[in-house]
Amino acid sequence: MDRRRMPLWALLLLWSPCTFSLPTRTATFERIPLKKMPSVREILEERGVDMTRLSAEWGVFTKRPSLTNLTSPVVLTNYLNTQYYGEIGIGTPPQTFKVIFDTGSANLWVPSTKCSRLYLACGIHSLYESSDSSSYMENGSDFTIHYGSGRVKGFLSQDSVTVGGITVTQTFGEVTELPLIPFMLAKFDGVLGMGFPAQAVGGVTPVFDHILSQGVLKEEVFSVYYNRGSHLLGGEVVLGGSDPQHYQGNFHYVSISKTDSWQITMKGVSVGSSTLLCEEGCAVVVDTGSSFISAPTSSLKLIMQALGAKEKRIEEYVVNCSQVPTLPDISFDLGGRAYTLSSTDYVLQYPNRRDKLCTLALHAMDIPPPTGPVWVLGATFIRKFYTEFDRHNNRIGFALAR
């Protein structure tokens, strides 16, 4: 395959990508190993990049609907903070790509060899080459997803896609325009949306729906485990069931509150013993593609006030690291049960930071109606609570991770 080589300056700039374990197959369900890598934000923080200036110049890298799309994808994932990636194959023979498994979207896309050399980010990622695949079929329809001030743009193609040992024929995006930020520093190549068909740009049937149509899974569910440790073995996605080795007790299920979205209703947010928000109910999406917990700005300010946190710069609230052991718990009422995060769950400590400040893994995100306002429970929450997404019963299950 004629893949683009990473320029020498890029090799010096970036850390080397990590090698992924191959998926292992069982008789009842499929496992996709995940690895945890430094997020783009962490890389920039360690290099002393001013995130305030970066945000002003490049915008917030949160996906929003394509202006040319007739559907309305949920506006969720902030890929600037994403850390967990798995491996899939596209084509015959398979071409390997590292992707985010993202419940906040429904499309699969990867960079293409047809990406212009003007887009430097394409040069450091694995690129799909259709001529190397005997199972490729041309589609050619335009494909666009907007990200703040940038966009991911290309065209649709069809080929065999292998996920966790299961192969389906899939329409996906070949990306030919890839923004420099955040993808120049991102360790993942593309995104595999695990959302519902109504969220898909271009009316494409999502990968998981194609898998369900084969009837090969024991159950019409998938589950996500994110390791809380700092090592690279970051967790796993299980198709068709869940893995009791990674959770304790039983699942508590909450029905989805919005058709065709992994959205549920939250009936309270407490800091310490005080319920501050959402007693009348708030919409919340459980999003595997987001690293942090996101809330409307007005709600986040109340939480930060209760925690005594200060806004250091755009999208970053901090506390003195010496305060972390004394910070109160934050609890989320989901389906009549409190899911509690301690300060060690929601505070990030960067070892190389010199100002002795710790960052809170909560961000502001304001989404206008009709989609919003909405909260997002990302990896900060999922690391504590093993999560099962049940398509058959339209519900999400939570169990304490271990």
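Note that Cβ sites are derived from N, Cα and C of the backbone, with glycine treated the same way.
According to Swiss-Prot, the signal peptide annotation covers 1-21, on the basis of experimental evidence.
The N-linked glycosylation site annotation in Swiss-Prot covers Asn69 (among others) and is backed by sequence analysis.
Marked as domain 'Peptidase A1' by Swiss-Prot: 84-399.
Residues or ranges marked as active site in Swiss-Prot: Asp102 (among others). Secondary structure from DSSP puts Asp102 (active site) in a beta strand. Other Cβ atoms within 10 Å of the Cβ of Asp102 (active site) number 23 in total over all chains.
Sequence annotations record features per position, and here Swiss-Prot assigns disulfide bond to Cys115-Cys122 (among others) based on similarity to another entry. Reduced to three states, the DSSP call for Cys122 (disulfide bond) is helix.
Sequence annotations record features per position, and here Swiss-Prot assigns N-linked glycosylation site to Asn139 (among others) based on sequence analysis. DSSP gives Asn139 (N-linked glycosylation site) a strand state. All protein chains shown were included, and the count of other CB atoms within 10 Å of the CB of Asn139 (N-linked glycosylation site) stands at 17.
For Cys278-Cys282 (among others), the entry in Swiss-Prot reads disulfide bond, with the evidence type similarity to another entry. Applying an 8 A CB threshold to same-chain residues 6+ apart, the list for Cys282 (disulfide bond) reads Thr265, Met266, Val269, Ser299, Pro373, Val374, Trp375.
Of all the Cβ atoms in the protein chains shown, 30 others lie within 10 Å of the Cβ of Asp287 (active site). Residues annotated as active site in Swiss-Prot, with sequence analysis given as evidence: Asp287 (among others).
Under the DSSP three-state reduction, Asn320 (N-linked glycosylation site) is assigned to strand. Per Swiss-Prot, the feature N-linked glycosylation site maps to Asn320 (among others); the stated evidence is sequence analysis.
There are 16 other Cβ atoms within 10 Å of the Cβ belonging to Cys321 (disulfide bond). Summarising the annotation, Swiss-Prot assigns disulfide bond to Cys321-Cys358 (among others).
Cβ-based neighbour count (10 Å, all protein chains) for Asn320 (N-linked glycosylation site) stands at 13. Listed recorded positions near Asp287 (active site): Asp102 (candidates Asp102, Cys122, Cys321, Cys358; Cα-Cα distance within 10 Å). Comparing CA positions across the recorded positions Asp102, Cys115, Cys122, Cys278, Cys321, the one lying closest to Asn139 (N-linked glycosylation site) turns out to be Cys115.
When the recorded positions Asp102, Asn320, Cys321, Cys358 are compared by Cα distance to Cys115 (disulfide bond), the shortest distance belongs to Asp102.
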